[in-house]
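Student: There's a structure below that I have some questions on.
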Amino acid sequence: MAGRSARRRVGSSSTISSTAFSEKPLSQDPSAPATIEDKRSWKGFCEIESEPAFFNIMLKKFGVQGVKVQEIVSLDDEILAFLPRPVYGLIFLFKWIEEDSEKQEQSCPKGVWFANQTINNACASVALLNIVNNVPSIDLGESLHAFKMFTANFTPALRGDAIGNFNFVKEVHNSFARKMDMLNADLLLKNEATAKKGKKRTTDQDESEGGFHFIAFMPIDDQLWKLDGLERQPMSLGSVQGDWLSQAKPDIEARMAQYEEGQIEFAILSLVRDPLLETIPALAKNVKAINALSIRLDIVKPGWKDFVDSSTNGEIAGTDSLIGNTNLAYGLTQEMLDQAEPSQAVMALCLSDIASDILGHREQLITTQAGLRMSIREEMQSNQSDEERAAARTCDYGARMQRFVRKMRVRQQSSKEA
């Protein structure tokens, strides 16, 4: 089973790290919200929880099209079967332990885009980029596509440095940063630097203080790969034989087994093809087919609407309003409707003179449309929920909490004086 006791704030105790403080000090009042200028001038990366909504918003801001992040609550085959296909990759959150370096590739294969994590707390962005940059069919958007081309011949370490220096990625990642996140990250790095100067850290200390970290699993060129930004090179898990998710399960489950009983300190996210890429075109095809059959019925059986139950004459399914309204609902556009091609069965019925056959198929299409509309509505509501969760994450409550504490102190003093 996969799960977690709480959403984990992910920062890694990296073996490859670099200090990252602001070029100029943040505003002195720690309770004041971080300004846009604060976030732009800050050289660090904020911690991000293992929340699918945050990853979806990051992908949207990156410009990546047609990819959705969904949480996996279990690695049972029955649960994995419900994931939209294709599944581009998995992101696994766990308490990081270094792998045996002998299991890694000696160098990064030419067909694999892999970046090291060279900046603390950047593992969320690194894991995302390590997946989407290895799927040729994904539309990366202008900025990420240019970055992928620019870093094509870089080593993993240089790609990691490039991510840290790429303001576009850093600003998207840090759009979730709050003032306290930035101050805590700077303080942690300062304390680590001081500790390293004062005394040598032991292996036991490193293991006990290991941070939570994201790594990626995905198929690339018929090979299953583990892409861990804290490892020097990617690791091949063998040739893909059938369903690659089943092949990735043993490695993930082995890591889960390392936790003590009762500890749930991991999470699994999947990157899948956005279901709306399938359902909206299917709705366009459905609407056009119903309209075509309605036109044929006008010819074959004039007045046919008088004999059809009002619940299935197209109004409840939305066919009339969807085609006649310029503000098309459910993500449809007139261009989609124009380009949609009805099935051969619909085309044949458009030449038929048997009204009962046409009516029967039309009713089936209306029932199908109801299901499509429900699926699209649920996905759109999910996208809206992601936006709301992301907005709540970026809200700085420091000033509000400070005002609340001050009011409580005033009330306590007043009650004592009374």
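Each position is counted from 1, following the chain as shown.
Backbone N, Cα and C atoms are what each Cβ position is placed from, and that goes for glycine too.
The compositional bias 'Basic residues' feature in TrEMBL is assigned to 1-10. The region 'Disordered' annotation in TrEMBL covers 1-34. Annotated compositional bias 'Low complexity' per TrEMBL: 11-22, in sequence order. TrEMBL lists 44-273 with the feature domain 'UCH catalytic'. According to TrEMBL, the feature site 'Transition state stabilizer' maps to Gln117. Residues or ranges marked as active site, nucleophile in TrEMBL: Cys123. Residues annotated as active site, proton donor in TrEMBL: His213. Residues or ranges marked as site 'Important for enzyme activity' in TrEMBL: Asp228.
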Student: Which whole-number value in Å describes the distance between the Cα atoms of Asp228 (site 'Important for enzyme activity') and Gln117 (site 'Transition state stabilizer')?
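Tutor: Cα of Asp228 (site 'Important for enzyme activity') to Cα of Gln117 (site 'Transition state stabilizer') measures 8 Å after rounding.
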Student: Provide the number of Cβ atoms within 10 Å of the Cβ of Gln117 (site 'Transition state stabilizer'), excluding the reference atom itself.
Tutor: 31
Student: Across all protein chains in the structure, which of the recorded positions Cys123, His213, Asp228 has the highest Cβ count within 10 Å?
Tutor: Cys123
Student: For the domain 'UCH catalytic' (44-273), would you mind checking the mean pLDDT of the predicted model?
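Tutor: Summing pLDDT over the domain 'UCH catalytic' (44-273) and dividing by its length gives 86.
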